[in-house]
Amino acid sequence: MGNSSATGDGGLLAGRGPESLGTGTGLGGAGAAALVGGVLLIGMVLAGNSLVCVSVASERILQTPTNYFIVSLAAADLLLAVLVLPLFVYSEVQGGVWLLSPRLCDTLMAMDVMLCTASIFNLCAISVDRFVAVTVPLRYNQQGQCQLLLIAATWLLSAAVAAPVVCGLNDVPGRDPTVCCLEDRDYVVYSSICSFFLPCPLMLLLYWATFRGLRRWEAARHTKLHSRAPRRPSGPGPPVSDPTQGPLFSDCPPPSPSLRTSPTVSSRPESDLSQSPCSPGCLLPDAALAQPPAPSSRRKRGAKITGRERKAMRVLPVVVGAFLMCWTPFFVVHITRALCPACFVSPRLVSAVTWLGYVNSALNPIIYTIFNAEFRSVFRKTLRLRC
């Protein structure tokens, strides 16, 4: 990376100077609006995402693999509200002027990059998890620790993307101490590609493949259920017997005493059953045809988990769509200013797209409440207990 300064061209916190929105000497109308809006936004992010974390931790019905990633996403939003938003609002109230130390600015930039990247990487991790769950469900169900490892990987990669900022990348000659931004244009391009422009297409591709595979699985399951339905005769003639439908007796001799006295056949060895005096065309009673219940119970348990996960997946396109709607304008403006220093971008536009990106942190709990009945009922229960 080079050391070309991006001062005045904006970073993840807009990076505006005193000339942009105000003089920095008083709390004008724009500063008051920023203060009120910032306090409301911080309160909504803290309340909503805390409710998500408490609900998943306290209710077993919400403790699914998908919701573990949602908790990680909520944790990123909570950290953003605690570590980034207060200083961002402070800068906005001052009209874009940074009055604190440059070292604090660098820490703020690094936290902003890391948490924004963590949000995107968590959504990518959900797409990977859902893709594996749909394409190789049997192997997926046996790997209970994979979700935690994937979540840990998202945070480590996010920290790696943000690390250059705290390692001195922002310490460039002639730095303006009144502007808090990313100073290196090469790093702005690098972080934008790693944090947004590379993972987002991959995430969308995985979601497309996941929902396509899910539709195929449901179609195959529907066809299989119909093929197992009892067949009714379409015309005169002897009824067609279905060996899976109840007991049919055809010229069978009486059962042996061992069969009459034994309450279940599952305790008999297979050799006893193979010596049954039935003719090849006859069928034994239901008891003799009983199968061990363990595989069936496992299949039913897997079906229940799959059904719950399918319900959880319905909210994911809305979460991803809201994220892209809120953050795409910011990253487009962000990388445009880095690649085209001569291009003029209004400071007010920079401020608007930055606010829009941060608003996304407050949207996810609202989305869960509207589009997920399980979250909605648990939210109500949790709020009643806390009030």
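Note that Cβ sites are derived from N, Cα and C of the backbone, with glycine treated the same way.
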Cysteine paired with C180, where Swiss-Prot records a disulfide bond, from C105, C116, C124, C252: C105
Swiss-Prot topology check: R175, E374 same side of membrane: no
Candidate nearest C343 (disulfide bond) in space, where candidates are the recorded positions D77, C105, S119 and distance is Cα-Cα: C105
C-alpha spacing of C105 (disulfide bond) relative to S119 (Na(+) binding site), in angstrom: 21
Mean per-residue pLDDT computed across the topological domain 'Extracellular' (171-186): 90
Rounded distance in angstrom between the Cα atoms of D77 (Na(+) binding site) and C180 (disulfide bond): 21
Alpha-carbon spacing, C180 (disulfide bond) to C340 (disulfide bond), which is rounded to whole Å: 20
Residue among the disulfide-bonded residues C105, C340 whose Cβ has the most other Cβ atoms within 10 Å: C105
